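K.L.:
Encoded as structure tokens, here's the structure I'll be asking about.
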């Protein structure tokens, strides 16, 4: 089972990012655009795992959530990985990534005993598109640079997802949702 741990986005954020991607599609760049319903913020990709590992995994994710306090994340503009010159990914950027980085580090520590290697470099972001070639790329980059993305959303839970690949793209299903601690508790 192909799995990952992520933060689910509120509906209004998904809709707003969906509106942005609809605008950017007009650039006619050849890209795989993420459907609004599939938008999320990945904390850790786990790979294909055996179903028998799910209970232990769920327990560690719950433990991580109980140790972290809910917080707000700020979207601040669009960017390209690995660089503006050679982009492969178009993403929505996170302004102050420290709480997300702490969350990812905590997951790494708790999941290491289960055989999951720590992330090499965690860069919190929301993938909007996977760029296939450079045709019309400059137009996409200009359009992306002109968009003033400023949105805030509450991060109140982390979720374990199953990812299934189909001919029309991936479909994600939440297997578990673990609530973060409320502030002040």
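Cβ coordinates are placed from backbone N, Cα and C, and glycine is handled just like the others.
Nobody curates TrEMBL annotations by hand; they come from automatic prediction.
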K.L.:
Which stretch, out of 40-43, 44-47, 48-51, 52-55, is listed as motif 'HXTX 1' by TrEMBL?
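P.N.:
The listed stretch tagged motif 'HXTX 1' in TrEMBL is 40-43.
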K.L.:
Motif 'HXTX 2' per TrEMBL: which of the ranges 121-124, 125-128, 129-132 is that?
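P.N.:
That would be 125-128, per the motif 'HXTX 2' entry in TrEMBL.
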K.L.:
Is the motif 'HXTX 1' (40-43) packed against any residues at least 6 beyond its ends, judged by a Cβ distance under 8 Å, and which are they?
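P.N.:
Sequence-distant neighbours of the motif 'HXTX 1' (40-43): 4-9, 73, 94, 100, 103-104, 107, 122, 124-127, 158, 161, 172.
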K.L.:
Cβ-Cβ under 8 Å from residue 125 (active site, proton acceptor), same chain, 6 or more residues apart: which ones?
P.N.:
41, 79, 81, 89, 91, 92, 93, 94
K.L.:
Please indicate, using numbers and ranges, the residues of the same chain that are 6 or more beyond the motif 'HXTX 2' (125-128) and have a C-beta under 8 Å from a C-beta there.
P.N.:
9, 17, 20-21, 24, 33-34, 39-42, 75, 78-79, 81, 89-94
K.L.:
In sequence order, which same-chain residues at least six apart have a C-beta under 8 angstroms from residue 40 (active site, proton donor)?
P.N.:
6, 7, 8, 9, 126, 161, 172
K.L.:
Which residue counts does DSSP yield for the motif 'HXTX 2' (125-128) in the helix, strand and coil classes, in that order?
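P.N.:
DSSP classes over the motif 'HXTX 2' (125-128) add up to 0 helix, 4 strand, 0 coil.
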